[in-house]
Structures are given as C-alpha cells and as structure tokens.
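Below is one structure, written out as structure tokens; the observations come after it.
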Amino acid sequence: MLSGLMNFLNACLWPRSDQQARSASDSGGRQEGLLWFRDSGQHVFGDFSMAVVQANSLLEDQSQLESGSLSSHDSGPFGTFVGVYDGHGGPETSRFINDHMFHHLKRFTAEQQCMSSEVIKKAFQATEEGFLSIVTNQFQTRPQIATVGSCCLVSVICDGKLYVANAGDSRAVLGQVMRVTGEAHATQLSAEHNASIESVRRELQALHPDHPDIVVLKHNVWRVKGIIQVSRSIGDVYLKRSEFNREPLYAKFRLRSPFSKPLLSAEPAITVHTLEPHDQFIICASDGLWEHMSNQEAVDIVQNHPRNGIAKRLVKVALQEAAKKREMRYSDLKKIDRGVRRHFHDDITVIVVFFDTNLVSRGSMLRGPAVSVRGAGVNLPHNTLAPCTTPTQAAAAGAS
C-alpha cells in the first residue's frame, strides 16, 4: 500500500532532470536527489559546511557564503558574509537577494570604509528598492510579481565582531562551548518577525491602530491581514504599496480595506556580538530546520559530531523528524519528489560557520583566498523573473 502511495505521489510531478538539478551551482557542492551539500570548506576565519534540501517545485530557499574582501575596494576590510534567503510565493525575490545583497554591502562598506550595522541596514534597503523597481516595471504584465517575497538573514564576521541582521523568521544560533565543563550552550542572535509571536502581534497592532484586522487567527495560524505569517521581508510589495494592491493583481491578493502606509517592513533587526574564545560556531538556517529541532538540539548535534558534513547531518535529522511526524520512514520520505514533498516539509537551508579564535583575533586585515559558494537546487534560469513559469517551461529552461 505504501509503495503504491509513493508511486502515486511521484507521478504527481513531472520528471526531474539531473542536469537541471546540478546546473544551479558550480560551487563544488554535490547533489543527491533533492539534497545539495558542501561538506566542508574554508573561509577567512575557519571552516564551514552547507546543505540545502528542496521541497518546493522550484527551490524558494537561496543561500550564499562569501569570504574575502567585504568592500568593493581590494584593501578590505576582510571577513565572511553568510546569507540565507527563504522565499515565499515563488523563488524570484530570494534569487534577486542572492544576486544583489552582497554587492550592495560591499558598496556601502567601501563608502564608509568599515563594516557597521548601518552598512548592513543600507544593503537591505537598497536590495528592497531594487526589487521594487522590478515590480514597478513588470506589474502590468506580471502582476503576481508583487506577491512574491523573501525572509532575509545575513551574518557578517568582521574585525572580531559578528553582525546578525534578520527580516523574517529564519534564525541564527551561536554555539558557545564552556571550557571548564565542555558543555555547549545555544544563544539565538536573530530576532524573528512572525505573527505567531505575541510581541510581534503587539508591535503590528501598535503600528496600525486603524486596522483591527492587522493580525488574524486563521486555521489556528496567526497571519498579517490573514494572508502572511511574517511581518518583515524583502518584496511582498502588494502589502507595502497600495498602488500594487489593485487590478491587474488577482482578486484573492487584494485587500478589502485600503492602507496608506506599509503593512510589512523590510527593515532588519540587527544584533552585534563581540566574538569571545568560547564562541565556537554559528548555525544560520531557514525556518524549515527550526520547525523540527530546538536551538539547543542543533547546537548539541554540531558540538558532538565531526565538522565535515555537519550541515548535511542537521538537514538529515530534520528530515527524519519530519518523517516521524507523518508516521513514515525516512527512506520513503526521500522517494517523494519536489512539489509533493512540500506537504511533508519546507525547503531547508543550513550553513554552519566555525570560528578559529586565532584567526578571528587577527581582525579584518587578515587576507585569504576569496571564497564564493551558493546553495543549489532546481531553479529558474539566472536573472529570470518568471512567476508564470509552468513545469514544462521550467524543465526546458533548465535543460538549455
């Protein structure tokens, strides 16, 4: 019976092209079915590990690790940039962030000649404005582009500091190991913006007193205007600019009551942490991981296993838990193809970055070979914004 169910589920989606799956990244990672991973690599201040598992028909999670100069000037400062972009409504916004966020950060770092919270904030703003310009240009012919958005988590290691900026519900968790006891302690550095959090609902209600329905409990899930769970994001322009909440936008996306100021924000919450010797690593992941494990569970897994392949291990544990919740075997879950797989778990992206205390202490002038890695999956062609893409078109584009 279970075998028949697997065959039915696999038949619901078009065949996956292995060439298409591998074409999304040339960063040295490996592909096993819907799982992409880079078991190990080196950044300016230590080691890293990355993994991505796809659940959606088109991968909505995007991610990158950039290490080397954090400025458009070769003189530095030097450091490591990590980005996890969890898209919703399609992959267009997260793909756009992946292509532009780091370049904006380098530009503003060059202008200020240093890394700072203000630099990161400006990079978020410039990325948001860039995507807004695309929506403006395409709205009449592709109105649904206004409904696509992405959470955005950025971590920057530079000059002995760890900057964590977040808009949405991805999460960055610091692993600290106490030298006396050897115990690992999890510290969440990112603030989350999800309507399921009471403080977020209170913030929204205070910002929008004229909208009694600013947060609505719908099917036991709190949502902004009954539509979206996150209160901060890049994109989602139809909930930020009223001129994009009208025809030709589909009626199901249009609000009944007008609004004069943005209902969602793109401004990140930023934390700056001075790295200490007991700070051993940071886990940056989309909410697909955190749905299946706690901060402490994730930190314990990293602490108690080899660094090589640790991101893949975290993803595997999350998938095993997802299978357990559905009373099925992990081996059977892996047989379910993208698209249908989304009924069992979300896209999951995990990047684990380790800190070498000796390297961190040498500061932002530490030079090293430039490193640029992007997570992979079955994706839209580069620089293509096509919300109307059909499965047949997507397969054809990936094969070309």
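Residue 1 is the first one shown; counting continues down the chain.
Any Cβ shown, glycine's included, is placed from N, Cα and C.
In Swiss-Prot this protein carries:
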| type | residues | note |
| --- | --- | --- |
| DOMAIN | 47-355 | domain 'PPM-type phosphatase' |
| MOD_RES | Ser75 | phosphoserine |
| BINDING | Asp86, Asp287, Asp346 | Mn(2+) 2 binding site |
| BINDING | Asp86, Gly87 | Mn(2+) 1 binding site |
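Feature map: annotations from Swiss-Prot on the structure.
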residue : record                : DSSP (3 states)
Ser75   : phosphoserine         : coil
Asp86   : Mn(2+) 2 binding site : strand
Asp287  : Mn(2+) 2 binding site : helix
Asp346  : Mn(2+) 2 binding site : coil
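When other Cβ atoms within 10 Å of the Cβ of the residue listed as 'phosphoserine' are tallied across all protein chains shown, the result is 10. When pLDDT is averaged over the domain 'PPM-type phosphatase' (47-355), the result is 97. Comparing the binding-site residues Asp86, Asp287 by how many other C-beta atoms lie within 10 angstroms of each C-beta, the top residue is Asp86. Taking a C-beta cut-off of under 8 Å and a sequence gap of six or more, Gly87 (Mn(2+) 1 binding site) has these contacts in its own chain: Glu60, Asp61, Gln62, Thr93, Ser94, Arg95, Val148, Gly149, Ser150, Cys151. Taking the Cβ of Asp346 (Mn(2+) 2 binding site) as reference, residues of its chain lying under 8 Å away and at least six apart in sequence are, in sequence order, Ala55, Asn56, Ser286, Asp287, Gly288, Glu291. Of the chain residues outside the Mn(2+) 2 site list Asp86, Asp287, Asp346, Asp61, Cys151, Asp169, Ser170, Ser286, Gly288, Leu289, Glu291, Asp347, Ile348, Thr349 have their Cβ within 8 Å of the site's Cβ mean position. Annotated pair Ser75 (phosphoserine) and Asp86 (Mn(2+) 2 binding site), C-alpha to C-alpha distance, rounded: 32 Å.
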